[in-house]
Amino acid sequence: MMIINNQIHYPVLLKEVIENLITTKDGIYLDLTIGFGGHSYNIIKILDQKARLIGFDQDLKAIAHCNQLFSEFNNVSLINDNFVNLKKHLQLMQIDNIDGCLIDLGVSSYQLDQADRGFSYHSLGRLDMRMDQNKAVDATKLIQNSTVSELVKIMKNYGEIKDPYRVVVALKKAFEKKELNTLEVVELIKKHVNKAELYANKHPARRYFQALRIAVNNELEVLEKLLSYLPSYLNKGGKIAIITFHSLEEKIVKKVFRHLASISSLNNLPINNELLKKYHNHFNKGLSPTQSELETNRRSRSAKLFVLEKINN
């Protein structure tokens, strides 16, 4: 638990992350979405002084907060950048291998609670949704600059919405007249979705906001690019722990982890012999929060933890 701006924030699946990530107390660990430091602060307290923790975040406010939070530790480095640029930074730091890497793919509680960031469909603010505030295109500009067909594709691919056409047309018409704020967008969505979506258990705007956020931040593309090379940096026994929050992230992580867990360390051919495998996929279906955590932190309800371990060089 952490207090940020008088709000209580809980690192999701913290116990499970610590149990599955830390393999050696004097190793090199990465937190590629350090956010406001909830996971990493608990991790660094367990590690030895010889260990090293490197945290990435594209949100400058998160890095500023972490600079204060970790000021007592001289073995923590913080980098304000998207994790898609990890390889460049590891080369600059002359790091060839790591012992563990955490990636929490969720929007931080702090970002959701800041109405002006535009991530929440419960709060009044500009429809922004940029993780990196220096990016030129936010969600408002994305709607303004995209065609109806482009927006329909975004909603289908990133929101998994079967028929977003009516909502998209209404959005385009509305934004041609003026910029709508988050709550105005929510009302527009409610007005144009079908009754099944309107009265479903989950908020009717949830998938539309998700689709816009993913598109604005290129979330799936950067995740796929990262996972194409990240596992090769692991030392033997090292682990990658990824927390997903929706099925699109989950599909990417599952596909990569399952593929790597089927490859032989000898010749990169598929093999069933566990002794010859290069990687081990710990949780095929992902590890979900306990009932106790769900009762304490509602935002953890869709979280799943996936862990890949390098078992042979």
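First residue shown is number 1, and so on along the chain.
In case you wondered, yes, glycine gets a Cβ from its N, Cα and C as well.
In this structure, Q111 (S-adenosyl-L-methionine binding site) is part of a helix by DSSP. According to Swiss-Prot, the S-adenosyl-L-methionine binding site annotation covers G37, G38, H39, D57, F83, D104, Q111.
Around the Cβ of F83 (S-adenosyl-L-methionine binding site), 23 further Cβ atoms fall within 10 Å across all displayed protein chains.
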